[in-house]
Amino acid sequence: MIEVRDLRFHYQEKERAVLDGVSMTLKDGEYVALIGANGCGKTTLVHHLNALMRPTSGVVSVDGLDTLDDRQVWEIRRRVGMVFQNPENQIVGMTIEEDIAFGPGNLGLPPAEIRRRVASSLELVGLESYGRRVPSALSGGEKRLVAIAGILAMEPRYIIFDEPTSYLDPASRQRVLALIAGLHKRGLGIIHITHNMDDILDVDRVLVMREGKIVRDDRPEIVLSQGDWLRQQGLGMPAATALLWRLKEMGVSVRTDILDFEDVCREIAAWKSHPVESVA
């Protein structure tokens, strides 16, 4: 389990805290979304979870390992993988297989084990035939998959995805989301940062940050259906939920706690069968 207790962080002593008393957990195999307006502290928080940053005060632990203990940092970073917004920043090899082998190679593993991990990771992300290709020849979506494969080769217990679908075309976006869902089913703990609420409909919990604090921690159908409250946080709703809110504003009596379009269609069909004017 990843556990954060009363985490505070500021760059200089007299500056306002970037993180102000954050407490949270990520259990083994749990899928958690982290949302909030730009500048609220999301990326700073997750950088603390694999010891890329250290707390000013408070405790961050990964399976009982303290991120302030220099002796544990390498193991923490092996257990907690991070996929950044720009995959080019994570690709270091001349070929795809060299890049994916970089992390396991730093673990001092035997060559046969490194080759096994490279092949297994490429298979997991659906790029089995890409090993000898050069990264510069890949599309943006393929580069993101290579970055994920490099993390998987370290055999982590948790993966943090920082806006993994940003700037991707619809097909690549769906491919990345399907991969993340598959990794969750395999038992990995996932933290997913995004501004696209349609990317996180199936998470276990949604954490909302504002001004360095976690201000909401609840199920997605609770958090993502609160249209007025989300607007106050500078956030949007899933497209299906936004449609229902618009219908409600027009006087149509429909539920607004629905997140996907299939259920929206059923809700509208039910209303058409028994139309009732809403007084809300």
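The count begins at 1 with the first shown residue.
Glycine too: its Cβ is placed from the backbone N, Cα and C atoms.
Look at Swiss-Prot and you will find 2-236 tagged as domain 'ABC transporter', backed by sequence analysis. Here Swiss-Prot flags GLY36, ALA37, ASN38, GLY39, CYS40, GLY41, LYS42, THR43 as ATP binding site, drawing on sequence analysis.
Overlay of Swiss-Prot feature records on the structure.
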| residue | record | CB count, 10 Å |
| --- | --- | --- |
| GLY36 | ATP binding site | 24 |
| ALA37 | ATP binding site | 14 |
| ASN38 | ATP binding site | 8 |
| GLY39 | ATP binding site | 13 |
| CYS40 | ATP binding site | 23 |
| GLY41 | ATP binding site | 22 |
| LYS42 | ATP binding site | 22 |
| THR43 | ATP binding site | 20 |
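Residues belonging to the domain 'ABC transporter' (2-236) score a mean pLDDT of 95 in the model. Surrounding the centroid of the Cβ atoms of GLY36, ALA37, ASN38, GLY39, CYS40, GLY41, LYS42, THR43, where the record places ATP, the chain contributes additional residues within 8 Å, namely MET209. Under the DSSP three-state reduction, GLY36 (ATP binding site) is assigned to strand.
For the recorded site, LYS42 (ATP binding site), the DSSP three-state label reads helix.
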